[in-house]
Amino acid sequence: MTELLTASQMRALEQAAIASGEVTGLELMERAGQGVVEAIFEEWPAFAPAAGVDWGPAPKPPGYLKQEEKGPWRAVVLCGPGNNGGDGFVVARLLAGFGWAVDVFFYGDVERLPADARVNYERWSEVGSVHLWNDDAIEGRLDGFVSGDRSSFEHQLVVDALFGVGLTRNMPVDTERARHGFVPTVTHTPQSERPKYVAIDLPSGLCSDSGVNRGAFPTDLTVTFHRPKLGHYLFGDNHFGGGPSLCNQVSVIDIGLESSRADQPVLLMDSKNLAAKLSKNSCEHKFNHGSALVLSGGSGRTGAARLAARGALRIGAGLVTLGVPPAAQLEVAGHVTALMVKRVADADGLAEVLQDKRLNALCLGPGLGLERARALVPVALAAGRASVLDADALSTFADDPRTLFDMAHKRCVLTPHGGEFARLFPDLAEKLNAPAEKGPAYSKVDATREAAARAGCVVLFKGPDTVIADPSGRCSVHAAAYDRAAPWLATAGAGDVLAGFITGLLARGFAPMQAAETATWLHVECARSFGPGLIAEDLSEQLPHVFRELEV
Ligand SMILES: NC(=O)C1=CN([C@@H]2O[C@H](COP(=O)(O)OP(=O)(O)OC[C@H]3O[C@@H](n4cnc5c(N)ncnc54)[C@H](O)[C@@H]3O)[C@@H](O)[C@H]2O)[C@@H](O)CC1
Ligand SMILES: [K+]
């Protein structure tokens, strides 16, 4: 799985590489700038020089390639006061070297530029000028650039090098005019005729650690270095305006730090090694694949538990039993075939059913009802089996979450969505939703890690970005974004199926963290594989196809 870094982890890796003498900060900045230019040429081949890109051993002087006959491409580079701005000066110089006409605007104070950025400011200044950053200057340039009705542009590319991982507060308002002017996001101009907007490291205004949007505009391409940052994958406090919706696509450039590993990295889930973990041995008996019990609510509300049970069965649990109250027995029996049905009237009934030691995974929550959940959860947790607690099994402890945490053990997985999370961990939800004053914002990763430590078990915090953590701080992220986008997954009952998938994998002997991660990946994959028109029932039925594709 790929590591997702925070700003401070990235800084630590960079400093360690510089301290070891293997590279200088200036070299890293040059590689970063080159990587950005290469990524731009790769994304829009029309921009690439006909002769191809050959960086050679050292930065080339400007003008070493003849301007192409079609006339110079025009770029605007917006440089900020830190090293992100330094990367911008490198990009400006390299583009000019390829014959581009480049306009650089600098937001900051030259005297306060960090050393490497200052060097690249000077290098650029030998090539071209730096425009003042004020509304008049920007307006003046815009008049030259953009036709009166703002519907056509003379520049084809805008490079955003204002702020990267060093962003510590909301975007300054005096950067807005320039960004709106050069990057017209609200315009009648078709996308294809607008200048391409490329962010260096992060769209300026996107918090690297949390995905919170502190004033960023959506980009066409974001080019980052060494590893993606958490903010590229977390949606922040606004599901529609955060991380992935701002980056559009993320290109990760190798700047020569590859041997380094961050301390306690957050991992981005992928399908690596999944097939081997999921395959079954042909000579094993059904009980070798575990036996799951899914507790259902009463008559008229058994659908959610049935969805979960079906998911547990499809994902490979050897045997799945629905535990239903007497009044719902007939209703459930009419619906299920491969599932077993057992009567579980109350807490005593559950204790009796749990005498069967083969039952090794439990699922409580979907459609269970708050009262029934309150009665059954303590018995289930006291039995010490691997357990998934979802929906009502979480909400029933809204008044005294501590009681739940005291009973939970390390083979439990709690699967709250945003609302349930806020009921169990109101203080963490408050921190998560509070506007960040200084530094990187408190993130969903921070909140999930704290929640897992407090609950003493795995917490899977659902959403378009799902974060999973265990009490030791191990943490992974799955964002249904970029090539994993699954918009049809936002459908009633999808969460019940996820609870069932996790339960099925727990029954199969997966460790809680691994069960939660694997189920999350498969859940999104089923939605993607089914595509438009998906309803919750389809998710489990899509698993066989997904397994075949994975070569399970
Ligand atoms: N860490 C690394 O390994 C590398 C970093 N590089 C670049 O360096 C960047 C990080 O540089 P810095 O740490 O200098 O940080 P930034 O350049 O992102 O910004 C820091 C500066 O912006 C100011 N600032 C932050 N938020 C502000 C706000 N809202 N309004 C006004 N001013 C604000 C700070 O006071 C500081 O002066 C990365 O994003 C990347 O682009 C690259 O050169 C390659 C290597
Ligand atoms: K930027």
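Note that Cβ sites are derived from N, Cα and C of the backbone, with glycine treated the same way.
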Open item on the list: Among Gly140, Gly365, Gly367, which residue does TrEMBL annotate as binding (6S)-NADPHX at the site that also has Asn83, Asn84, Gly85, Gly86, Asp87, Asp201, Ala304, His417, Asp496?
Closed with: Gly367
Open item on the list: Please check the binding-site residues Asn84, Asp160, Ser204, Lys462 against ligand 2 and give me the ones with CB under 6 A, sequence order.
Closed with: Asn84, Asp160, Ser204
- [ ] Measure from each Cβ of the binding-site residues Asn83, Asn84, Asp87, Gly463, Asp465 to the atoms of ligand 1 and list the residues where some distance is under 6 Å.
- [x] Asn83, Asn84, Asp87
Open item on the list: I'm trying to understand the geometry here, so how far is the Cα atom of Lys462 (AMP binding site) from the Cα atom of Asn84 (K(+) binding site), in Å to the nearest whole number?
Closed with: 33
Open item on the list: List the residues in the vicinity of the K(+) site, defined as same-chain residues other than Asn84, Asp160, Ser204 with C-beta within 8 angstroms of the site's C-beta centre.
Closed with: Leu78, Gly80, Gly85, Gly88, Ala161, Leu162, Phe163, Gly164, Ala199, Ile200, Asp201, Leu202, Pro203, Gly205
Task: Rounded Cα separation (Å) that holds between Pro464 (AMP binding site) and His417 ((6S)-NADPHX binding site) - done: 10
TODO: List only the single closest residue to Asn84 (K(+) binding site), chosen from the binding-site residues Ala304, Gly463, Asp465, Thr466, Gly495 by CA-CA distance.
DONE: Asp465
Task: Structural state of Gly495 (AMP binding site), classified by DSSP into three states - done: helix
